[in-house]
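K.L.:
Before I ask anything, here is the structure I am working with.
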Amino acid sequence: MAVSSRSAVVAVTDAGAGEDADRARLHQMGYKQELKRGLSVVSNFAFSFSIISVLTGVTSTYNTGLRYGGPASMTLGWLVVAAFNACVALSMAEICSAYPTSGGLYYWSAKLAGNKWASLASWVTGWFNIVGQWATATSVDFSLAQLIQVIILLATGGTNGGGYVASKYVVLAIYGFILILHGLINSLPIHWLSWFGQLGAFWNAAGVLVLVILIPSVAKERSSADFIFTHLNTDNGMGIHNKAYILGVGLLMSNYCMIGYDTSAHMTEETKNADRSGPIGIVTSVVLSNIFGWIYLVTLTSVVTDIPYLLSADNDAGGYAIAQALHTIFNQRYGSGVGGLVCLGVIAVAMFLCGVASITSNSRMGYAFSRDGAMPYSHLWHRVTKHEVPLNIVWLSVLVAFAMALTSLGSQVAFQAMVSIATLGLYISYALPIFFRVTTARKSFVRGPFHLGRYGVIIGWAAVLWVVFITVLFSLPVAYPVGKDVFNYTPVAVGGVLLLSVGSWVFHARFWFKGPIVNVDTY
């Protein structure tokens, strides 16, 4: 059994006097130190900042934001999402400080849900989180493969100039090659992997700064401030005319851009001073991503002058709005779109580094989840190499992500249904432990060094209600009339995860899964 009482926390303080405090705290939670603690607070932050990657999120979902509401839904909607997302991040950081373990959210749910519901809460939270993470890796790397295809298309003349249009099989092959590279990088020892995390953070910050200076200076035509902040695009071609509805659906872009900061929690067993560094990594990555993302978004929108053209499949970029916008402004200024391709290359590198961090995060979550026996063949997935790397789960993450993308061969709609849980799946897993924190464990919660004081419950409720709101919002139809080609499969995908996790619990897991287990004899 695991220890979670107030007295145990006091006891570990004394026990840790003669040994490493992080190791002692981990032992108190019931786990041996198997991964190498080689990450500083900066490295921990870097992984989350790299996986949030506003260059990746904004670029890959800009078409959605432009179609549903346009400039107003993106620039002002971003601020709304940022405020509520900060509540989610702060609440998660507070819990992370109390329980700094790689299991993260599912471990927190087990400790906060109460004895009666602990194992079920842990099981459902864990499966939502790991499936959401697999879907995130899938969406990031597949978006990169699509961007590479668009870069090749523009470099060879564009849609209207005889440019090369890759088939869905070629795009899938590019995607598979990217995944293999990410698997190889994640097979490296943590001190090398830490370097990629820090490079990702630097590249995203520097890339945004370069682009926000370069893009407006190159553009001959720029949108007015009134257009950027107040123009509502209702001509979406999807049969939706209610302005509030359009604005709501447009929030999907901003929400997708901000997922992934649970990475800091999953890396805590490899982080020094984890009960402080983990929470700091969560909060700072979200705050800085909100700032950098909004500046990048406003800059891109400043060169949007013809929304229907940017979204048209007949433009040179085949309907990829950002690629077409960048290609156009450089063509108008210099008579060549090469500069636009360079900008897209900068974004592609950011996507690649985001994909590296995605595999890192879900492999650590998979390692922890299998350590507690929750995954099929768990004994295989939590093994670590002599370099203290969970190699088997790294490559399982790669294989699952590739399998998820195979749905794209059937139809793009099916693929979008698969990756829709990348957003809601993760947000639901974020909200569950927070919900238990403000209800079941409201009075018994033992705070760590980072805490919200008397505001913890209020901020926690704001976070939970926000996730409930977006879960309902993003399950609504995105086009009318509703048909199989435009059906919103998000509730089907999310409901499927819920049904499978609860169903497997009722018929199988409840007989043997008791939540996080102890793998040390003394602590």
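Quick reminder: no glycine exception, Cβ is built from N, Cα and C everywhere.
Pulled these features from TrEMBL for this protein:
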TRANSMEM  38-56  transmembrane segment
TRANSMEM  76-96  transmembrane segment
TRANSMEM  117-135  transmembrane segment
TRANSMEM  147-165  transmembrane segment
TRANSMEM  172-195  transmembrane segment
TRANSMEM  201-219  transmembrane segment
TRANSMEM  280-304  transmembrane segment
TRANSMEM  338-359  transmembrane segment
TRANSMEM  389-407  transmembrane segment
TRANSMEM  413-436  transmembrane segment
TRANSMEM  457-480  transmembrane segment
TRANSMEM  486-507  transmembrane segment
K.L.:
Answer yes if the transmembrane segment (147-165) and the transmembrane segment (38-56) have at least three CB pairs under 8 Å among residue pairs 6 or more apart in sequence, and no otherwise.
P.N.:
no
K.L.:
With pairs restricted to those 6 or more apart in sequence, evaluate whether the transmembrane segment (457-480) and the transmembrane segment (201-219) have 3+ C-beta pairs under 8 Å.
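P.N.:
Touching, no - the transmembrane segment (457-480) and the transmembrane segment (201-219) miss the threshold of 3 or more Cβ pairs under 8 Å.
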K.L.:
Within the same chain, where does the transmembrane segment (389-407) have neighbours whose Cβ lies under 8 angstroms from its own Cβ atoms, ignoring anything closer than 6 residues to its ends? I mean 6 or more beyond.
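P.N.:
Cβ under 8 Å, 6 or more out: 35, 134-135, 137-138, 141-142, 172, 175-176, 179-180, 182-183, 186-190, 359, 362-364, 366-367, 370, 380-383, 414-415, 417-419.
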K.L.:
For the transmembrane segment (201-219) and the transmembrane segment (172-195), check the count of CB pairs under 8 Å (sequence separation 6 or more) and say whether it reaches 3 or more.
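P.N.:
Counting Cβ pairs under 8 Å, fewer than 3, so no.
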K.L.:
Near the transmembrane segment (172-195), which residues from the same chain, at least 6 beyond its ends, have a CB less than 8 A from one of its CBs?
P.N.:
35-36, 38-39, 43, 46, 137, 141-142, 144-145, 148-149, 166, 270, 352, 355-356, 358-360, 363, 387-389, 391, 394-395, 397-398, 401-402, 405-406, 408-409
K.L.:
Same chain, outside the transmembrane segment (117-135) by at least 6, Cβ under 8 Å from its Cβ: which residues?
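P.N.:
Tertiary neighbours of the transmembrane segment (117-135) are 103-111, 259, 262, 358, 361-362, 365-366, 369, 372, 374, 397, 400-401, 404, 418-426, 428-429, 432-433, 436, 440, 497-498, 500-502, 505, 509-510, 513-516.
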K.L.:
Among the recorded stretches 280-304, 338-359, 486-507, which has the greatest number of Cβ pairs closer than 8 Å to the transmembrane segment (76-96)?
P.N.:
280-304
K.L.:
For the transmembrane segment (486-507), give me same-chain residues lying six or more residues beyond its boundaries with a C-beta closer than 8 angstroms to one of its C-beta atoms, as numbers and ranges.
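P.N.:
120, 123-124, 127-128, 131, 238, 413-414, 416-418, 420-421, 424-425, 428, 471, 474-479, 513.
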